[in-house]
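I have placed the structure first, in the form of structure tokens, so that the comments after it can refer back to it.
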């Protein structure tokens, strides 16, 4: 019977090799990456070769015992964790030295090809070391934005730089990326909500446009039917007059034909009587003359006396119709083309220093404190107001303003000469015609007292400026409900005006 001895085999050898490799890693200096030689421990607990840490701390002769006595009194950073450590408190680690000595007596077998990784792993390992000093990257220079080794850290190049342990730098970078990721996710959610809202609003607008197309088609169809009807009536009247003229003409011609026949016959009889001998002539003379006296004179009704009057009346209607249609076409074209919407932006040179304008110069809100801005002659230095970049002196224009739900805003138009310096009232006398939200109430800023407006919550308001008739009107965009109209005799160019006097609200030119 064979004796049973300790189990050996490939598995047992591999495990022993792995344990030996792990033990060798624990007995390896993190600076020189070799087995410890005269290991010493610092106050944080990490251990290094005495010569290695001496080089890191730039202590000439640190490898000798006498050099330790000349250690500086101030703490220096641990090469591995950056915790402060006093060089005078270095302690020899005899147990670690004994382990390193034992490991030197054994040599681990060379790894078989492919057994401990690939060329890619070797390349990664090489990339994890400093190309200048051959030391592993354990630190991160925040000023240069790159990984460095403990020897680089003590070099003059990095002496004044902010340096972190590599794991802390990685953690900080991950936290920063996570915070950015949270912001991006929030922006993504906002974009998704905006896209959904945009789709919904676009769908509603398309539906509304389809309804408007049907209305326009129906209105023009009704207009065409009306014009065809009136055309038929007028042409029918002209045809009726033509028949009357023709009938009257036929009647007159028939009557004239009878009378002409009678007169021709009588004329022939007179001529025959005149050719007879004297005695016969005298005997028939009286009867012939009597027949001439009994013949009625021609009294036909002329065409022009009655018909010309009727035709003139129809011609007058045609003339009036032509003028009315011309005016109708001009008015219709003018109504369809008037009040073209204008694209506005805010003028930064007019903005009060406390007002903060959006990057696209469409929105404005009130900041906590005044900004350091140039003292431009057009700038409002006291009133928190800003004008649009373009003004108007003629025509019809409109724009829309998105308004905040809280108190502290006003907008409308102001004349170009409105005072920019000092505190000035918000009144028509000062050249300002505006709508306002104050004290939870919407107001038309009239004079001497403001006019309260009876309207529900406003989110967007249309301003319609008609310089031809002298009017500034405000409408709730949701249902185009009329809010108020100022009647103004404009004498100069006017500019859209915006004012925000509370940090809790805003105004924005829409869209």
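Glycine is treated like the rest: Cβ placed from N, Cα and C.
It should be emphasised that the depicted structure is a prediction, and the values quoted were computed from it without experimental measurement.
Residues annotated as Zn(2+) binding site in Swiss-Prot: 130, 133, 152, 158. Taking all protein chains in view, 16 other C-beta atoms sit within 10 angstroms of the C-beta of residue 130 (Zn(2+) binding site).
For 324-511, the entry in Swiss-Prot reads domain 'B30.2/SPRY', with the evidence type sequence analysis.
Annotation source Swiss-Prot lists phosphoserine at 107, citing experimental evidence.
Taken from Swiss-Prot, the feature zinc finger covers 29-82 (among others), and the record attributes it to sequence analysis.
The zinc finger annotation in Swiss-Prot covers 125-166 (among others). Only residues 6 or more beyond the boundaries of the zinc finger (125-166), in the same chain, are considered here, and those with a CB under 8 A from a CB of the stretch are 30-33, 55-58, 77, 79-82, 172.
Each residue of the zinc finger (125-166) gets a DSSP state, and the totals for helix, strand and coil are 12 helix, 11 strand, 19 coil. Apart from 130, 133, 152, 158, the residues listed for Zn(2+), the same chain places the Cβ atoms of 132, 135, 148, 149, 150, 151, 153, 155 within 8 Å of the centroid of those Cβ atoms.
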